[in-house]
Amino acid sequence: MTYKRVLLKLSGEALMGEKPYGIDPAIVQSIAEDVLKVVEKNVQLAIVVGGGNIFRGLKGSADGMDRATADYVGMLATVMNAISLQDGLERVGVATRVQTAIEMQEIAEPYIRRRAMRHLEKGRVVVFGGGCGNPFFTTDTTAALRAAEINAEVVMKATKVDGVYDCDPNQFKDAKKYSSLSYQRVLSDEIAVMDSTAIALCKDNNIPIMVFDIFKKGNISKAVAGEPIGSLIS
């Protein structure tokens, strides 16, 4: 089963690759080539991108910044990533539009739901930047929100690990991977996949979440085709 309309959540860290900070052009190129394969299958793809490779609001808040101010700085970081991703996508021939939750008309369109859906219908990729435009909400929650708004069939969370585990697989060799689990299990066991607001939004709107490894070439197109390459939350 190939999904027809997908919301892909890319963390800022995914764009960082092995670098300690910023954007790795090779990773952007690899993601762009994968996205091209997806678009060629006539799949409608929207992307929400994080900003943790540049600035993380929670970290800024922990370091003494006002939380709302820190979150706004984080939103600007996501716009930088969105524009960089647009550049990478267009270099491989993928028509792309960036829409931001905070208006900045000189560099991106404002987020307008109907316009975003029209872009998708025309075969363009839409990259959402600026989070949801409000502090105190993560980009994972933005992904769940935008997925519900554009009627996406699935949220695909691209991460550094190949699915959801019962504990950190980088620290514990006996970590158990889940092939599937329920929203309720994630919420009740406080499994660190997404924040609880994002999980609850997906649960309330019956949008499944696929968690998979972004660094394995071809995984985006495999996930879109419904191949069991990660963990499915439903």
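Cβ atoms are placed via backbone N, Cα and C, with glycine included.
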UMP site partner of G51, C132, G133, N134, P135, F136, F137, T138, T139 (as recorded in Swiss-Prot), chosen from D34, D66, D71: D71
K9, L10, S11, G12, G52, R56, Y165, D168 bind ATP per Swiss-Prot; candidate in T2, T159 listed for that same site: T159
Maximum Cα-Cα separation in Å among residues K9, L10, S11, G12, G52, R56, T159, Y165, D168, which the record lists as binding ATP: 24
Nearest of the binding-site residues (S11, T159, D168) to G51 (UMP binding site) - Cα to Cα: S11
Per-residue Cβ crowding (10 Å cut-off), top of binding-site residues G51, G52: G51
Cβ neighbours of F136 (UMP binding site) where a neighbour is any other Cβ within 10 Å: 12
